Amino acid sequence: MNQEKLAKLQAQVRIGGKGTARRKKKVVHRTATADDKKLQSSLKKLAVNNIAGIEEVNMIKDDGTVIHFNNPKVQASLSANTFAITGHAEAKPITEMLPGILSQLGADSLTSLRKLAEQFPRQVLDSKTPKPEDIDEEEDDVPDLVENFDEASKNEAN
C-alpha cells in the first residue's frame, strides 16, 4: 500500500462501527487566555510567590537589543530556580535605554557598549558635518556695502 495513503488513513478518526464513513479529527484552536490559564496552573504547582515593588525589568540580548517590561508582574520560586515575568514587553535598542540602564549592565555588556560608543560619535559627526557641495556661497545674509552712510548723515545735518 502507498505510504502517503496509509499516513492519511492513520490521521483520520473513525467514528462508529464497521461501514460508517470516516471523518476528520476536530482541530482544537487554543486561545491566549487558555494558554495563560495553563501557565498559571503550572506556576501554582511550583509554589511561586509574587514579588511586589518591581517597576521595570530589562533583558539584554546578545545583539544589542533590550526586552523592556514596564510595571511587570514578577513571580519567583527559589526552590525550582524559576522566575516568571508577565506583562507588556517592548523590544528596544540599547542606545534608547541609556543612561538609565548603565547600572544594570554586566561586564560583557559594558564591552559591547564601549564598541557602540566608539561608533556613535562617528555617526553623529558624519551626519552633522556639511559636505562641500552642500555649502552655497551665494546665500550670504549680509549685503554688500555700496555707499558710505557717514557722508549722507553729515550732509543732512548741514
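Placed from the backbone N, Cα and C atoms, the Cβ positions cover glycine too.
Here's what Swiss-Prot has on this protein:
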- Lys5: N6-methyllysine (MOD_RES)
- 33-98: domain 'NAC-A/B' (DOMAIN)
- Thr111: phosphothreonine (MOD_RES)
- 123-158: region 'Disordered' (REGION)
- 134-150: compositional bias 'Acidic residues' (COMPBIAS)
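Sorting each residue of the domain 'NAC-A/B' (33-98) by its DSSP state yields 17 helix, 29 strand, 20 coil. Averaged across the domain 'NAC-A/B' (33-98), the predicted model reaches a pLDDT of 87.
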